[in-house]
Structure formats: structure tokens, C-alpha cells
């Protein structure tokens, strides 16, 4: 006699079909020709992005990063929430005087060169090197820790549900993001190891920031756009999680720093989130 429960192939088929449908939709959004959204004046950045986040302006730290930079640099811009991928299959992307640019960092570097901006001009050569190192750490290391926690460890997905993500979108995104973190390497660590690495990243940021207003003194620079945007996801979009508790309880200067960036550069914060809050 053979005991056990037969598993219906239907749920597996539905999951695979859902993933294929999403991939087709994403491919269409990448390849479909751009269309005019609205007239906009010359020297105005047209910033393409997704919907608002529930407690911070976006669930994407890179959308947060580029928009924060536009605010810090005081560059006029308009937001287009069209959910349309840029030519590289990524968001955010932007249009500027007929140019189409992708990747938050490349967009920032283009605008700095094109407009001769002095956001980092006061930094020494050594400070620029340190700034680049912290920016890379935030965007290419701390980011993946957040992604892994968000999609592989956090079971509630509260913020995504508050942003009205459907079951299929959550399931497909979880599958793709967990696969991405395994490929990157972070997804191969245990929960205990992930927490240890997160704490080390927070400690590194905290030690360098110290009691300074921003990373390099009294003026916000490009690295602040990266660090703030990554930390914003831990502070506002991982509610009641262990990483959020570590950030709040062990690194108060980073929490104060995030609120300082929010208060000084996002006067329209509550207009750009789904659930207004004073915290």
C-alpha cells in the first residue's frame, strides 16, 4: 500500500503561466514605442516611474534616489507614473530635451555634466573616492540585503498589500526576486547571517555619518541620495521587521538622518505616499 498525498499539477501550471504572462507584459513594455505623455518645457526632466509607496514615495529605492537628487540639485522635473519600462527594461528612466536616459546613477551623472552642477564640486579627490565607495555599497550591497529580506524572509508583504499589489503580482515578483538574490549571492545566506550583514552595513554608515548633518558635512551630496533612499526602505517599508528594529534601536543617528533628508528635501512627502503619516 502506498501512502501519501498526490499534488495536483494545476497550481504549478498556474504559477508557470502567470510568470510567462508577466514576462510577456514586461517585454511589451520594454519594446513598445514611446508615446508623448504631455507637452513639457525645455530643460524639464520627465521622470518615468511606478506608483506611490505606502509610507515612502516609492517602493523602489532607485526611484527615490533619482527623485531625491533632482530635489537636492533643484532641477525642474515632472513625474510620469506610467509603469512603463525604459529602453534597458528598468525604472526609473527619464527624458530630457529629447534624450532618453536609463539607470538612476547614469541619469544623475548625465545631468551633473550637462548642467555643470556643483553637488559634489566642493569635495576633495579623496572625499569623492569615499563618496563613490559608499554609493556603491548602498546601491549594490545594502540594496540586495533589503531585496532578499523583502521577498524571501518577510512573509506578510504588508507594504505591497497596502500598495494594492495583487496575489499574482506578489507571487511572480517573489519568484523572480528570490532567483535574482540567489544569483547575486545574498540569497544563499541564512537569516541569521543576513541580519549580521545588515547590522554591519548600518554600523558602517552610522560610524562615518557620526554627528554630521549629511555624509560630508552641512551640504547634501550625491551619496546622500543613495544612502537615504536605501535606508528609507528599511525604515518605512519593512514595518515591524528585525532590520527595522535594528535600525531604530541601535542606530538613532541614521534614523535622524533619514528624517532630516525627508524634512529638508521632501516638503511634498505626504502628497507622494499612499498613507499619510507624521512618523
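Keep in mind that glycine also has a Cβ here, set from the backbone N, Cα and C atoms.
Annotated features in TrEMBL:
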type     : residues : note
DOMAIN   : 61-154   : domain 'Thioredoxin-like fold'
DOMAIN   : 199-261  : domain 'Metaxin glutathione S-transferase'
TRANSMEM : 6-26     : transmembrane segment
Would you report the average pLDDT that the model assigns to the domain 'Metaxin glutathione S-transferase' (199-261)?
99
Counts by DSSP class (helix H/G/I, strand E/B, coil) across the domain 'Thioredoxin-like fold' (61-154):
53 helix, 13 strand, 28 coil
